[in-house]
Amino acid sequence: PAPAEAGRAPGPPDGGGGGGLFGAFVSIGFAYAFPKGLAIFFKEIQDFFGTSYSEIAWVSSIMLATTYGAGPISSILVNRYGSRPVVMFGGLLCGVGMISAAFCTSILQLYICVGFITGFGLALNLQPSVIIIGKYFLKRRPIANGLAMAGSPVMLCTLAPLNQFLFDNFGWRGSFLILGAILLNCCVAGALFRPIGAGTALVKTQVTEEGKDALKGKITQDGKEVSSALNVPMENKTEDEGEKDCFEKVNQYLDFSLFKHRGFLIYLIGNVLMFLGFFAPIVFLAPYAKHTGIDEYSAAFLLSILAIVDMVARPATGIVANSKWVRPRIQYFFSFAIAFNGACHLLCPLASSYTGLVVYSSFFGLAFGMVCAMLFETLMDLVGAARFTSAVGLVTIAECCTILLGPPIGGILIDTFGDYKYMFIKCGAVMVLAGTFLFIMNYYNYRMLAKEEKERKTKEEDPKSVRTENEGRKNWSKDSTQDEPELEPLREEGEGVKKEMNGT
């Protein structure tokens, strides 16, 4: 880098990240929309392998769970190598997984190729794309998050009819080959991620490492002289430092102190509960329409309607969330969106005709877009941008369990009762419960934060507390002065060692 740039501290520029925003738009779109778009093939794959609803639902479920469960691995790789190479490698894995799935001969092989390999590739696309937004934007971050998250409905709107067209012309095996080639475009999206202050960070890292090495050598040399003078072994100290360094390295990538953060724990519990009913309605929407006698293209068009409304809802939600009335209390808005989503599912069984399903898809798209637009913005609002990378990794690995179980539980209800309405009622009830929990606990959290802030200001303004602290320091100094005769032999020995070192 040029010398003029070497001392400049990198920060969110709030602009100039248009290419990276478009790359995040594409990567997030594939990560969220692709598992939902595969539902078009489920009925045919189920007939081909002779499986039940719950068994075929595991394909999307494993893919979604892997996408979320691999969050910590993705966060570690981003902290180590940066967003660009991680996303490009993830795109390569997605393509390889889908191309391999075209040659599968059993449902178990589909679990491995589509579920694990493609799901892991999507995880390497999702996390860096969400993280890079926080590096490009600060003031306009909610709007940028809304635009980036709009990639999901845009991709879903495109993939739903495209998958139906591919299946009609090439079958599900040929469709998987073509979809694998399309997913390789994630590599292009990753190439658009421009590093912020990469040169500066490199120079600072080199200077810091050189300084650390020189200081470590000097400390080691001086330490050996002191230990030899005092006849004190250094082995225990080295082992303790080694264990500390190992813990610091792990904590550097995943900040486990977040589990002591009250707001983070509330967010985590509410989201883990919410994801038990979040994805199942989308996975079973097209099969439900076919079950009621609607033709294939009309069933696929329901996903397109959902995606079109979702496409408008996400940026609009970002604009509303960025307003001065909503942003200070954005957690309440997020809680309302989750409860609204659940209410839509509870009313879905009333939609018995195609017109009713179109209305349901429209409201579902609105509610789904509101939740997705604020999903990561509310987390960043709680923990801050500095701890956001670790928070995303920890949240996604906790959420993967309910994401894994959600669609199969819905499939079991369908297999047991032979009706889809119980699956929608279960998902709606769970999401209403999650939204209510988040609303109540966020109200408690805001009250506690206000109380703690008030106590802090009172303590700073109260002169008695300052006087008490000063008196405590004086008493401590007096006690240490009284204990000085007991420390005199050690002090004389230390001075002798110091003289010996100076003489050397």
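Placement of Cβ uses the backbone N, Cα and C atoms for every residue, glycine included.
What you see is a predicted model, and the numbers here were worked out from it, not measured in a lab.
TrEMBL lists 1-446 with the feature domain 'Major facilitator superfamily (MFS) profile'. Per TrEMBL, the feature transmembrane segment maps to 17-35, 56-77, 89-122, 143-162, 174-193, 264-285, 297-320, 332-352, 358-376, 388-410, 422-444. Per TrEMBL, region 'Disordered' is recorded for 453-504. Among the features that TrEMBL reports, compositional bias 'Basic and acidic residues' is placed at 453-481, 488-504.
The stretch from 89-122, 332-352, 358-376, 422-444 with the most CB pairs below 8 A to the transmembrane segment (264-285) is 422-444. Sequence-distant residue pairs (6 or more apart) of the transmembrane segment (388-410) and the transmembrane segment (56-77) include at least 3 whose Cβ atoms are under 8 Å, placing the two stretches in contact. Ranked by Cβ pairs under 8 Å to the transmembrane segment (143-162), the stretches 17-35, 56-77, 89-122, 297-320, 422-444 are led by 297-320. Per-residue pLDDT, averaged along the domain 'Major facilitator superfamily (MFS) profile' (1-446), amounts to 77 for this model.
Long-range neighbours of the transmembrane segment (297-320) within the same chain, counting only residues 6 or more positions beyond its ends whose Cβ lies under 8 Å from a Cβ of the stretch, are 33, 36-37, 39-40, 142-147, 149-150, 152-157, 160-161, 163-164, 282, 285-287, 289-290, 326, 333, 337, 354, 357-358, 361-362, 364-366, 368-370, 372-374, 377.
Away from its own ends, the transmembrane segment (89-122) comes close to residues 27, 30-31, 34-35, 38, 45, 49, 51, 55-56, 58-59, 61-67, 70, 74, 173-174, 176-177, 179-181, 183-190 of its chain (Cβ-Cβ under 8 Å, at least six residues beyond either end).
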